[in-house]
Amino acid sequence: MTTATDLGNPAVVLTGITKRFPGVVANDDIRLTVRAGEVHALCGENGAGKSTLMKILYGMQQPDEGTIEVDGAEVRFRTPADAIKAGIGMVHQHFMLADNLTVQENVVLGAEALHGIGGRARARIQELAGQTGLRVDPGVLVEQLGVADRQRVEILKVLYRGARIIILDEPTAVLVPQEVDELFDTLRGMREQGFTFLFISHKLDEVRAIADSITVIRRGTTVGTVDPTSVTTRQLAEMMVGSELPSPETRESTVTDRAVLTVAGLHLSDDTGRAVLDEIDLAVHAGEIVGIAGVEGNGQTELVEAIMGIRKADGGSVLLVGADDAIVDLTKLSTLHRREAGIGYIPEDRHRHGLLLTQSLWFNRILGFQTRKPVVNGRWLDVEGARKDTRRIVEQFDVRTPGIEVPAAALSGGNQQKLIVGRELSGDPVLVIASHPTRGVDVGAQALIWEQIKQARAAGLAVLLVSADLDELIGLSDTIKVMLRGRLVADADPATVTPEELGSAMTGASTGGEEEA
Amino acid sequence: MIDTTAAPSTTPVAPVKRRIPAWANGILWTLASIVLLTVTADLTGLANITATATIQAGLQLAVPLLLAGLGGLWAERAGVVNIGLEGMMILGTWGSAWAGYQWGPWAAVAGGIVFGALGGLLHAVATVTFGVNHIVSGVAINLLGAGVAKYLSTLLFTSVSHNPRQSPKVPGFDTYSAQPLADWLGDLEKQQRYVVSDIAGILHGLLSGVSPLTMITILLVPVSYLLLWRTRFGLRLRSCGENPVAAESLGVNVYRQKYLAVIVSGGFAGLGGAALVLAPGQNGYLENQTNGRGYIGLAAMIFGNWRPGGLLGGAALFGYADGLQTLTDGKTVLGLFYGVALLIWVIALVQLIRRKWIVGLIAVLAGGALYLLYLSIDSLPSELTTYLPHIVTIVVLAMSAQRLRMPAADGLIYRRGQGS
Amino acid sequence: MRSLRGKLLPPVVAIVFSALLCSVALIISGSNPAKALAVMVVQVGRDTTLVDIVNSASVYYLVGIAVAIGFKMNLFNIGVEGQYRIGAALAAIVGGQLNMPPVIGQIVIILTAMVGGAAYAALPAILKVTRGVSEVITTIMLNAIAGGIIALLIKQGAFGVLNNNNISTKPIPSSNWIPGISFGSAGTVFGLVLLAILVGVGYWVLLNRTRFGFELQASGESPTAATAGGVDAKRMIVIAMLVSGAIAGLTALPEVLGRDHAYTLISPQGYGFTGIAVALLGRNNPGGIAFGALLWAFLDQSAVSLDVIQVPREIVTIMQGAIVLSVVVSYEVIRRLELAAEQRRVGLQLAAATTGSAS
């Protein structure tokens, strides 16, 4: 695997970059050469060290070892301001925009010295927008913009400061495919004008579509740089994860005809009266994993929270068949009663919804089970019981921790997630709702979580799986449903469907049904 | 392989609303208030509602509230909740009296600002550098401010004023009137002409016997607006209240901005204290003289939706209510209920014309209830009229909390490097 | 705040820092801090001082617990001030107006105080859960309004009587008093000190051993996680506010039933803010609050003896303010250091156990 381009001179050269955090080596002897005027992709799994590397290049963190060269000269960035001066800009994955300020205010903030904050700044923004095709009205409040427009504002911010080398951190994660295409067109146009891009992603197809060269990093170190035209997606994937590709695939079907969860006509409106869930009908059977595919923000979060009773649906019904075959009508019940009826819930944001970060592991074990044995006894907590059962989870789910008295915040993301999965599979649930169960966890934890979900399914558990990871969805699910603008618009058979087909269904490209509405 | 089961619904596009510019809005509200007071005064026969003395007292009482509110605005626009305004104001009253009795009114102004700013500095150290909860720090500063003022007052005032709770007399400012207009308006008011005299009374109250501090204070409202919304400094400051992580990523020194904002905030509160010390009929420091005005100022700011113009309206309302209840009796204050009932009915009419039936109906009923209250009792108990601003605050918050919009990161603890 | 060091260090640092600060203030004003300190310590053994400290502390303890219940779930019930005053006034009115048999009378009076305090806390709670109004502003406003309501209730013609140039409620008959525990010349401890201890024990059990306590702490730590875990956040807010208000209602009872036997317009005010200080000092922990209440009472008592040696008694208020501010700062700093240390420790232990495999 060699460097495969002969474009321009090196714009950025990273040599021997090493960064250690307590207990973890995030970057280990990373080497990377980006040539001027190319789109250089940086690929790697979650936790492989991409973000740390980019933060180092952008001056947000300092490397313990190694050197950075920009345009041939060695540089040392103490703050992002240093990097900006050297012509480097970064577009963060989570947008750094103030909603209640206008586009113009967001763009000029921190760079007021260039063209002031008034008319001249406005003219400059419009000039840049005209040059690059990143058209946004400078006068509107950012809160009124959609995701793609916000991203344009982010790129404008960087250009306004005179950046020629632009780091894009997972820029497509929040975009629908049409928007991705538009973004790529813009990037290609800007490349013609001499801009250099460092494109961070783990979406290999996209990377192959846009990049001039690809560098893969794994476990904090560079695996190699390749020419996208000469490798397949499969080869790239293997470089990313090492020799053995962890496969989420479930073997034989364990689906029964006993419908555990039956959702009928579920409807939910937001504050403005717009339907975010519309006529949702859904059944999950014992031993079945039903996957929900969809671009984020199409109602998956709302669906899960409506089934959990966290949001109150304004129409439709939710029925659950308990372990004793009794039908429980959940529609009017509280979250707690739904949990007691036998639902386990793995939330999408473990820090906000899954854990009490400063509390001990055993205290966290009680959350969601505060009415059930073995962690409580009537109105009283059973502290010993909670401790004992937490030890069981730690052992059974391989939660790497020095003890159960440490605060949950002290664990790594993967171990926190294993604790949550262990907790939610406790107490013999009949249904588990798993939202992005392996998001942001390491490969080891991912494999373990998949394995545990598969085992529970084989034992007759019904699972509703929401995920943005199409491979995970296709690999684990028995049935896939596609969600678009608050509706379930299509069914797919995971045995035959490809990620590409799913992708187009998620964006409404293949349904051809928009006219019917 | 993909079976389409349903068509996606389409999202309706929200209609674009035309907005009235802020300055025009301000003029409209001012005119509407004058009309409302005039009509109320005439229909209830309570001339005191628009009397010069009432308006003057209201203006006088609004000044400290306005200053405290501006203090709150500066701090909260930078993302720091400042419930310590009360304590900073207390510090301001002491500092102002101490400097004022020795070197005159302008020294009193400076002393108030400096002492208030010191309180602000303390709040900034606790909340910004050490990341202490803003409310907790504010409460602590209120305790500390009261203690320090009492201690220093005992220590330094007792020997001169022979009273540990009071300062020597502080010389006040001369007052100014817009002559000859003010005299003409005064004459007009005395003629007791229908409507005309009421309007003349209101204007006369606003244009006569005004101290330089009052003028400066009112001027500080547009100045704050221009600084916060029209300069690079203000943009940076507000960005810290909206999204400090983004601000820092763009090279804004968030800590410095917050420090500046909170110190200025304390300075405003301290100036508010000075306004109390220099108020006619007061002329000095008196223990417990702030009497919760820091909190009311904060309430005025919330009432004004974290905007300078709205805050001016809030302070004017609370100041007026306070002036009315100090100078008149429960009967006149009750007259205000009549006016409010009228106002609510006008709002109801607007809502009904806009076909917002439910809101309109509720407004009709609420106005009716107030009107009935006005008819059924002679006078408000004097024990309660003192707390009119407090009650109004609760009612307003209860009715409009969801429409208020505070800075997105207000009250959240921000640590440097949080975004990385 | 797991380690003992983490629990004890901040208050010690805060007290030492504040003492130094006050010493500097005293030196500047020409007094001798060593002498002042000596007087403060020696006074404890004199006359009834120790008993007075315990008596005040019982009041501070009750109000501190009331505040702590709110704080535990991030509710800033600044309104304990108004709640305890309303509770005490209503209790005194009921006690004075109704001529009740012993025991039943005391129970009714205590319950009235609790109901009064809770009722006055209900409005901010309801506004918070139904209208999203911050409890901080509403409770501050209600504190002020409480003064008006009390003035209205105990004016002559309502429930007030003129008593030595002072308007107060009708005196509570002696059969409904709560007798103190006499220590002869050392003074008499309020009988309701026992109630304060009982409330403290109850608070500990509630917090650490019951489902309600778990839900309270979970909601305080992360409302979102608590909701996902099936805790009804709105219900918790209302209950916590009501319980906090009910305990606040008890605050002035040791004085009303053990000393004053009536509520007057000049009955002490400001306990609510003392309660906030004491709760902060004790980190919402029942033992810590007891320490904070005793410290506060001790400082209050010192004011009297400082007057004797011509040191302005207000130095005590400064010291109290400085203690609160520095204790919250040091708690915050140490909490952060401890969490970072814990994360490092876990990281290191795991790195030693599994080199390379975990990320």
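Backbone N, Cα and C define each Cβ position, glycine as well.
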Worksheet item: From B:80-101, B:300-321, which range did TrEMBL mark with transmembrane segment?
Response: B:80-101
Worksheet item: Quick one: do the transmembrane segment (B:80-101) and the transmembrane segment (B:332-350) reach 3+ CB pairs under 8 Å, ignoring pairs fewer than 6 apart in sequence?
Response: no
Fill in: In contact by Cβ distance (the transmembrane segment (B:202-228), the transmembrane segment (B:332-350); 3 or more pairs under 8 Å)
no
Discussion item. Assess whether the transmembrane segment (B:202-228) lies in contact with the transmembrane segment (B:139-160), where contact requires at least three Cβ pairs under 8 Å among residues 6 or more apart in sequence.
Written reply: no
Item to complete: Report the listed stretch (B:53-73, B:107-132, B:139-160, B:387-406) having the maximum count of Cβ pairs within less than 8 Å of the transmembrane segment (B:259-279).
Response: B:107-132
